[in-house]
Amino acid sequence: MSNFRDSSSPRRGYSEFDPESGEGLGRKKSLIRPERSRMDESHPRFHYTQVANQESNHIKVQPSSTGVDPRKSNELSTSRSHLSNYATPPHQEEEEDEGIPLMDIHNASPNVSSDQNNDLKGGREVYGLNDEINDYGSSPKKNQVISSSRPMNNEKPAKPKHDIYFWKVYCYAITFWAPAPLLKLFGLPTKDRQFAWREKIGLISCILYVGAFVAYLTFGFTKTVCSSQVVRTQINHVNGGYLIINGRAYDLTSSQHPKAAGIQAGSNVLYPPMNAGGKDASFLFQNVNGNCKGLIKPRDNCSIPYDGDELAWYMPCRLFNQDGSTKPNNTFAYYKGWACHTSETARDAYYKLKVNGDVYFTWDDVKNSSRNLVVYSGNVLDLDLINWIETDDVTYPELFDKLRDDETYRGLDISLVLTNSEERQAARCLTEIIKVGSIDTDTIGCIASKVVLYMSLVFILSVVVVKFIMACWFKWVTSRKQGATMYDSKAWAKRNREIEDWVDHDHGIGAEVKTVPVKARANYKAAKTNRQSVFHRAQKLSLGPNADLSQYYDNPNALSKTFKYTTMSTQAALLGRNGYGKRGNNANKSVSGGFNGRQSNLYLTDQGSSTDLLNRPVSSYNPFDSMGDDSIVINGLSPDIIHPDVVPQPPVEYQPFGYPLAHTINLVTCYSEDEEGIRITLDSIATTDYPNSHKLILVICDGIIKGSGNDETTPDIVLDMMSDLTVPRDEVEAYSYVAVAQGSKRHNMAKVYAGFYKYNDETVPPEKQQRIPMITIVKCGTPEEASAPKPGNRGKRDSQIILMSFLQKVVFDERMTSLEYEMLQSIWRITGLMAEFYEIVLMVDADTKVFPDSLTHMVAEMVKDPTIMGLCGETKISNKAQTWVTAIQVFEYYISHHQAKAFESIFGGVTCLPGCFCMYRIKAPKGSDGYWVPILANPDIVERYSDNVVDTLHRKNLLLLGEDRYLSSLMLRTFPTRKQVFVPKAACKTVVPDKFKVLLSQRRRWINSTVHNLFELVLVKDLCGTFCFSMQFVIFIELIGTLVLPAAITFTIYVIIVAIVSKPTPVMSLVLLAVIFGLPGCLIVITVSSLSYLVYFVIYLFALPIWNFVLPSYAYWKFDDFSWGETRTVAGGDKGDHSAVEGKFDSSKIAMKRWREWERERRSTENRKQQQQQQLTNNSSNNLAVPGAAWDPSNTGGNLIDDLSQGSSSGSS
């Protein structure tokens, strides 16, 4: 396909965020040619390429900047999706360089024939997928169901076993002692449960391995590599119980000396009369005739016994003080050679003495000016002892005197000074006769242990300090610039105090809900004037209130310069000058005035057809509006089904917060919540200050569930909060869809209720009630499970997939289930918008209250930076001081946001966007040519998140317990170069568990899902940074830290106890602990707006054994528990998981058609009904014409938006 870039195309503001949207040449981001990459199911762009290839006959796909086109591939796979029925083509590497033109703002490709242009077969323009052609031979049959080259009853082709073979063998090997019968006896009847238990034991063993390694590294490594069993004693500190001989200390306290001259038999030489204790006796056991042989020679008149060059001794055999203060004395006490121990018996007795320690000198000792000491090869030599040599009897080399007399050598290491062989032999000789000890040095092992210790210390401190610094930077600099408004320091601190006041007391200036103009209120009805006139199309619609915008179309670049950022609405405005709506013979046809095909159809009107694209005071813009005969081609949904009281759409240039508004779906998933919890959530979303024209509430009830303590089922509670339903409540039908489950539960049914949110005047005053469109989807289950305890229940992930799969079908114009078509039609009924208009999804749990301006700041961040694919706000605790269980959670919540998420947000890689309050981008603008990149609606996200094959412990923990965190991880894996950030300006509050058993159950799910998601993320190689300075390495450290939490807190307590009861005090360990636990406390003092958090910090410290030992240990032992436990309880329900397989999936019950086929079928049915009715009424001629728009702007009096001043004078009904 051709590239739609044009040299004259305007460059809008969002391009600055996307450096790849320029015209520069060169390969981007990767040294590997993506077109040569391996294309299999493990590739992050695999499913996207499948869909792009399958739907390439009616959508345009922009190749990446590397030239890769997913539609042109030689490698195709036979694998198929479990939610769709497309074939498997290849994919391309860089998703940022590819896109789908949800709006082509330039001319059609020159390579596309004119016929294709007329039918829009070759491309996809504006917001729709216009693949309808006159020849229906290639269209799917009306009753076509899911088809495939293989039976759909098979859940999914089995994966090769070789990748998990080793793990299975290991699990069976380590649990060999627990045979299957024994496990069955202990309540594990099925093979799946038994193998899950074996996997649990295998994972626990791995955790023990990691903990043992950390323990060894902390306590055992030094002892292993630096295991010096000999005690080392510093010189001048050798006490009287030891005798020093040749630099070694001997314990002679229990020795007995044989009878000798002056010595009685059995006496101890350490005591009187010898008094040798603590002295140096090296001259009493001289090393002679070794290295000194040939150097120290006898004189001719030598009185020392000798044999050739061998001498009996060199110095007089006397004791001298260890401090070297003894002067030379060449006399003998009793006779010549007395005490020299030259006999074989004396020598053997000496050699058998046990060495109790080495005597060592520090460098300060060596440099002692009172002694003449030098170091040679680690040995300390006392050169003054040369003076003891009996020079009258022997001769020695002149080098001895030179070394002794040269002051420059004193206190130095002379190992490198003595270089030639003669000098080295002389040095070895001196080592044998005048060595007094060893220099204070460590062995290689000891040095290595210290290096490891200090490197670990530096690394841990670096991580902690860098996180602290980054968190402070984020708080003081980055966060103030986020969102719709930039605050200075004082205003930012004031806002934080307002949020805290709102959390604690549910009031505050910033939390006040604004008054709503009368005509925008929930109780205002169009029927108050003339409801039927809304549908009357007797007169042509004109430019009306937006006439001032016509100036932009005289200057092609004027409008594009108006919009700094890109949204679907701004691109709709740009259509006016690019001739959208040229179809067949109507392309150059003037309906209300003459204009050619290049002119906008801004003024184009038609009976039951398009109106002014910008002049839409009612939000009834249908990008598929018919411009031909509907009996031949279905180009759009019928405008006659639009609700008369839809919320008006403001002009496209309306920017109340300084950025173009983006349409947002507010998804609220419900399970067993009570009325109060659901009402609080829906009230807070409905009353946010974000314009109600751009927000839609979508509530999905996960089954017919009655929460514990509730009088009604959850669906009934929600439906009681709706009014003005498009279809009466008791007439709504159930529609089929493919659920995220296995076996017969893959077929599920749901009902779609469309209307508007119904406030309670006691919770929200009438003057503050915005009119909000609302859709409720109730998963009611198939008729076969009507009597089951929880009919329709498939889990929260299935609820999310209902929306995500629907958005994918809309973006790619794929075949839809009947439920998805009903969703498309319901959105059209209550908003007048096609679903493609929506760009953002806010996900909120049904027990969360949102701060009034949170949605505004979150959408602002999305619109201003198209590279952001997901973000989250701050979750506050509303019941802080309810019990000790809630109190210990306050600081944990705070630090997880303002340290962990703040640090990750600096690098755009927040690893967990909490499902209770987060926002995802459905699609992102790409370049200036109208292309959009599917994000949340990306097939790779939808297919992998909807995976129903959960046959391993790892996948069950990912998909059944931690689906919210898994979605965040999946987004980072699929789009590693895009951002997930934290926006503290957006705040919400929720009620946390107040009972320990509930907290235990909740954290069991969170911890286990965290471990498995971190393991997934640590394998992502494309995250920012390199080696140790990368998010991947930080995630690896976080994974190890999570696994060893129980061991770490045990080591911490041990170190503290050792520091108290023993010596020496482990100073470094205590400093490390102080930094690790102290910096978070400093973070509170520096950044928090309420000092009460310091109290909760102290409480958190006392609760550390619970957080770091009790909770993770319990979670690890419950690795094979996939239930939600005590977190969500239902009346009469169980706590089972959604992984059970029951029955077989019958695909024939689920029809899959494109939305046009569904619409054609609906219109045909209605036409038949009308014909039958006309026959019954004798063809009455007073029927109303089919309406084409939901609102006549001539009724507004020229005003699109009511002024607040009207609120005082206008009434409401």
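Note: Cβ is positioned from N, Cα and C throughout, glycine not excepted.
Relative to the membrane, Arg318 and Val1088 are recorded by Swiss-Prot on the same side. Per Swiss-Prot, the N-linked glycosylation site annotation among the candidates Asn111, Asn329, Asn368, Asn1008 falls on Asn1008. The stretch that Swiss-Prot tags with transmembrane segment, taken from the ranges 169-189, 904-924, is 169-189. Candidates Asn588, Asn1179 were compared with Swiss-Prot; the annotation N-linked glycosylation site appears at Asn588. Confidence annotation: the topological domain 'Extracellular' (190-200) carries a mean pLDDT of 92 in the model. Within the chain carrying the topological domain 'Extracellular' (190-200), a Cβ under 8 angstroms from the stretch's Cβ atoms is held by residues 167-168, 171-172, 174-175, 178, 180, 183-184, 951-954, 956, 1117, 1119-1120, all 6 or more beyond its ends. Helix, strand and coil counts under DSSP for the topological domain 'Extracellular' (190-200) come to 10 helix, 0 strand, 1 coil. Within the topological domain 'Extracellular' (1061-1065), the DSSP-based counts of helix, strand and coil residues read 1 helix, 0 strand, 4 coil. Asn1008 (N-linked glycosylation site) counts 26 other C-beta atoms within 10 Å of its own C-beta, drawing on all protein chains shown.
Counting Cβ pairs closer than 8 Å to the transmembrane segment (1017-1037), the top stretch among 201-221, 451-471, 1066-1086 is 451-471.
Listed stretches 201-221, 1040-1060, 1066-1086 were compared with the transmembrane segment (451-471); the greatest number of C-beta pairs under 8 angstroms is found for 1066-1086.
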